[in-house]
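Asks: Would you mind keeping the following structure in view while I ask a few things?
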Amino acid sequence: MAWEHLRVTDTPTWPSILGRLTTGQNLGTGQAAWAMDQIMTGTATPAQIAGFAVAMKLKRPTSAEVTELADVMLKHARRIPTDIIGNETVDIVGTGGDGANTVNLSTMAAIVVAAAGVPVMKHGNRAASSLSGGADTLEALGVRIDLGPEQVAASVAEVGIGFAFANQFHPSYKHASAVRRELGVPTVFNLLGPLTNPARPRAGLIGCAWAELAEVMAGVFASRNSSVLVVHGDDGLDELTTTTTSTIWRVQAGTVERLTFDPAAFGFQRAHLSELVGGDAEYNAAEVRAVLGGAKGAVRDAVVLNAAGALVAHAGLSSDAKWVPAWEAGLARATETIDSGAAEKLLARWVRFTQKL
């Protein structure tokens, strides 16, 4: 129905927007942006926010709608200055919400990638559904997570990695986050964290817990000229998994290509999900120290795989990156970075640097 996609010229209202969503119609250009602006400025009521969040998820959001939501959220965010660090940094983050309560694979992978010499600009938060999110675990390791924009940029410039704690950088999101917590079910807002990194890095390994929405996220990154791998473990993880295959939406030069990825092709043994399960922040911090200290096993394998994925995404910023050679190089670099002690040293340097600020 072509008329559904016509530009809507009427001034948006909540009844008109919720009316479209609850009858399964896509929003007109600018309507999602209007709704998000109402939410971010505190104008929308909790009932309007909840209705919008749930109805949008049930309709299934389009990439155009989610792009508008993310762009408005970034407009209200505290920006990280990129004049020193540029935007050819990489983020490693997932939507969360996979219910698996794994150890913090993306946090460990981020440290490995930074130690391999690729600047990491990580966006993250405390746990929503698991016992310990990336922010909780970094705090337990001694990394200060409450840094402001200039301090985070300095951390990337000096150490090679910075962490943007979502609460610090998206103060206007507080209206939505309270509603999101009360609802307790995934909504369209779950997609926004990985799409609203305040430093706008151009590369990323982005996990999505919902296969049907991963392609929507990939479409947003494609519109930004990013080099990103949006990944969904076929066991449901919002990471590249080692228990089975993963589906990858490879975003490069404005296009999206869907691939099935089998780590066994690169020599990885199949793991059991139980081997990747984490605990509270102290438990997960101990797991980080063990893996960076050289401990072998399923967690290390998953960390190496995800670190390599981020290195592949970053390599994709140059147009001549070939898929299989990039993976082989990424896996070798990630392994060497752990085995040489470089990743362990980088974490110690990061802790020292942030504690001095």
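Including glycine, each Cβ sits where the backbone N, Cα and C put it.
From Swiss-Prot, for reference:
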- GLY94, ASN125: anthranilate 1 binding site (BINDING)
- GLY94, 97-98, THR102, 104-107, 122-130, GLY134: 5-phospho-alpha-D-ribose 1-diphosphate binding site (BINDING)
- SER106, GLU239: Mg(2+) 1 binding site (BINDING)
- ARG180: anthranilate 2 binding site (BINDING)
- ASP238, GLU239: Mg(2+) 2 binding site (BINDING)
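Situate these features within the shown structure.
Replies: Sequence-distant neighbours of GLY94 (anthranilate 1 binding site) (same chain, 6+ residues apart, CB-CB distance under 8 A): SER106, PRO194, ILE206, GLY207, CYS208, ALA209, ASP238, GLU239.
In sequence order, SER130, LEU237, GLU239, LEU273, LEU276, VAL277, GLY278 are the residues near THR102 (5-phospho-alpha-D-ribose 1-diphosphate binding site), counting only same-chain partners six or more apart with C-beta under 8 A.
Annotation for ARG180 (anthranilate 2 binding site): spatial neighbours ALA53, THR187, PHE189, ASN190, criterion Cβ-Cβ under 8 Å with sequence separation of six or more. For the recorded site, ARG180 (anthranilate 2 binding site), the DSSP three-state label reads helix.
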Asks: Can you tell which of SER106, ASN125, SER129 has the most other C-beta atoms within 10 Å, given these are the binding-site residues?
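Replies: The residue with the densest Cβ neighbourhood is SER106.
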Asks: For the binding-site residues HIS123, ARG126, which one has its C-beta crowded by the most other C-beta atoms within 10 angstroms?
Replies: HIS123
Asks: When a 10 Å sphere is centred on the Cβ of GLU239 (Mg(2+) 1 binding site), how many other Cβ atoms does it contain?
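Replies: The Cβ of GLU239 (Mg(2+) 1 binding site) has 28 Cβ neighbours within 10 Å.
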Asks: If you draw a 10 Å sphere on the Cβ of ASP238 (Mg(2+) 2 binding site), how many other Cβ atoms land inside?
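Replies: Total other Cβ atoms inside 10 Å, all chains included: 28.
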Asks: Where does ARG126 (5-phospho-alpha-D-ribose 1-diphosphate binding site) sit in DSSP terms: helix, strand, or coil?
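Replies: In the DSSP reduction, ARG126 (5-phospho-alpha-D-ribose 1-diphosphate binding site) maps to coil.
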